[in-house]
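Presented below is the structure to which this report refers.
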Ligand SMILES: [Zn+2]
């Protein structure tokens, strides 16, 4: 890319659930993250992320049994994942405590996104197993995707590309700052 004030951040260490879309990061004259193909990993990204400082792995909030982070491959700005710390693959393996906290963190994520981004609606969901679309199928994660009336555009249909108007680091800072402590 150009040699202006922008800097390119290596996304190889960040956590995400890859899909078929490419991302077009649209802020002008700002640093962006090059989210290339999911790097080959030996270790589980959702087990690794909590070992690092929040901002380094896009972590938004930490609970007792589960935590929240931004998806490196967002469908929309603010796309979060709620994960148990424990490496379990499916929802029925979660303990009562984990189910409760995943639910509470999901509710808080919705409230924070509503406040920070004024979204109009949400998609919530868990893909269970690779056959059901889970990009990281070995470690349970709940998607929280904010939706706006105007968020659908033609890119995903014709080019398998999503236009994202905000940078991941900025989104993380805004959401983490608004998260009730
Ligand atoms: Zn794991």
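In case you wondered, yes, glycine gets a Cβ from its N, Cα and C as well.
Automatic prediction, not curation, is the source of TrEMBL annotations.
Since the structure is predicted, the reported quantities are computational estimates derived from the model, not experimental observations.
Given the ranges 139-143, 144-148, 149-153, the record in TrEMBL names 139-143 as motif 'Histidine triad motif'.
Counted over every protein chain shown, other Cβ atoms within 10 Å are most numerous around 141 among the recorded positions 141, 143. Secondary structure counts, DSSP: the domain 'HIT' (45-154) has 39 helix, 25 strand, 46 coil. Long-range Cβ neighbours of residue 71 (substrate binding site) (same chain, at least 6 residues apart, Cβ-Cβ under 8 Å): 15, 16, 17, 79, 80, 81, 143. Averaged over the motif 'Histidine triad motif' (139-143), the predicted model reaches a pLDDT of 95.
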